[in-house]
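Below: one structure, written as structure tokens.
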Amino acid sequence: MRVSSTAIWTLAAIVTFDLSWVEISAAQNLPTIPQITAQEQTPQSDRSTDVFVLTTDVQIVGASEELAALIRDTIKTRAGEDTSDRQLQADVQAILATGLFANARVNTTSNPAGINVGYEVEPIVIQSLQLANAQVLTPEVATKLFQPQLGNAISPSAISQSADKIKQWYIRNGYIAAKVISVSPSPEGILTIDVSEGIVNSVSFRFLNRDGKPTNDRGEPILGRTKQEFLRREVKIQPGDVLSDRAIEEDLRQLYRTGLFRTVNVVLQNAPNQVDVIYDLTEKPTRNIGGGGGYDDDTGIYVELDYQDFNFGGINDSVGIDVQASRRELQFATNFTSPYRASEPNRLGYQITAFRRRGTSQTFDGIIDLANGSNPREGRFGGGISVQRPINDWQASLGFNYTRVSIRDRDGNISPTDELGNPLSFSGTGIDDILALSFSATKDDRNDPKNPTQGSVISFSTEQSIPFGEGNIAMNRLQANYIQYIPVEILGTSDREVLAFNLQGGTTIGDLPPYQAFNLGGLNSVRAYGEGEVGSGRSYVLASAEYRFPIFRPVGGVIFADFASDLGSGDTVLGEPAVVRSKPGSGFSYGAGLRIESPIGLLRADFGINNRGESQVQFGIGQRF
């Protein structure tokens, strides 16, 4: 019912309309900030039992302009509109329900036109902070970011700004899934900051086909060869961890380093206050089987079988078997490698090899033959074992191997000297035994071990032979190798272009059997020369540069230049094999080539011209370096 101003005093005697102070203590269960504008809905007053009076003025005391504006948006009492005792009490409850005030009360003053309403409030003063569900965010960091609020009356805008600072802190530190859930003050002035930091709920691996799809044409999931248990050991992110972009990047690099995958990507899926991490993997072909046969003057008719598996057992072990059989002999080369794994730091990686090979010697091939007119054949039979583990950023390897080297003619007869009487072995018998201890260290920063586009590789090696058996050889063979890959954009295409540089060198200290000289020239040395045609020396230096560019998938192109020198050491080798065969000792070449991606690896064909004006086309597998 509506009451006129002239009847107020009469009605006051009949109806008890308590306009005294109304005070309600702060609610214990408070809503959270930044969502502070939400308020409880006050039930509509029963106009048949509640007395409504015109509100002539509304004042708010004890609040900042920001809080006063929030209160005006919260209460339902408005100047120029009717209000009632029940409505005023509901306004006080709504003010306290914002969670921003320790106490609130209302008073009214009568006037001829109606009543003036005043709300007196006590804003919460922030005394301390409390973190909820935080692992990486520390109280010290949070206190620093919320420092403007401490000791002061609560300010929703200041709290929102500080909450944004926490979000930015998470982003700067790589916690990409972290967020602030709420900031809740208590009547005692304790500000509780509830965060969700992106806890990893699960880690899984999903294999994709070459089209990037997780299922085949029948809707069945793609099954990879790599075992899930192995992959889980290789990544550092585990359930219960706080997700960070640094951890993701490190895991992606580690998975790439295995050399098993063409592409590696990560997908993040939200779970309630958690994150599911899914690694999408496209495997490379890691198993090759080849065979063939033919005829040559050394072995006659032969058949050959080759098997390579770089993911043996699905755990990144590798095995290689190459067998060549003919009526005259059986040749083979086998190896098994189980690399060191960071996921098993107390376990050494290891490699076991065994071989029996015979072929034309690069050192002795040329114009000088054996006394019977046959070309010298170099045979090697032996094996070895090595262990590997990292030392800081370097991969170190320690090995022990044995090789029996023999120089023979076409019919397999031992030949200790050539037609000029120059010795072909260190012992002078045509047979030498080499028992050696080797050590190497490699720092590999390439982005892809098989076909890198950026990064570098540097390696050092030494091999010390132990006097033993035929020849009693004591020598130390030292080598160093550096490769740099630089991505460029010369053609302006989206495909990869690379400048690649290689510089290497070596020397031998002590005894030097002639077949152990450094041979220069050939497909993996100075192109446009035959194998060992440039020189055979005690020392050497070799430099190469390449520009690698795309043509069309899967074909790429290369422009190259090579240079090598034996540094004048050809005449220091026993029997002077390079001198008597008129090897120049140094040479350079330039040219261009093609690279074709295939199921058996990267095929290459290079056309080069050397400094003597001669040209050659040479074929191989894999990049030159």
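Glycine too: its Cβ is placed from the backbone N, Cα and C atoms.
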Region 'Disordered' range according to TrEMBL, out of 202-221, 442-461: 442-461
Cβ contacts under 8 Å made by the region 'Disordered' (442-461) with residues that lie 6+ beyond its boundaries: 256-257, 259, 284, 393-395, 397, 477-487, 496, 498, 602, 622-623
Summary of DSSP states over the domain 'POTRA' (124-198), given as helix, strand and coil counts: 27 helix, 21 strand, 27 coil
For the region 'Disordered' (442-461), residues assigned helix / strand / coil by DSSP: 0 helix, 10 strand, 10 coil
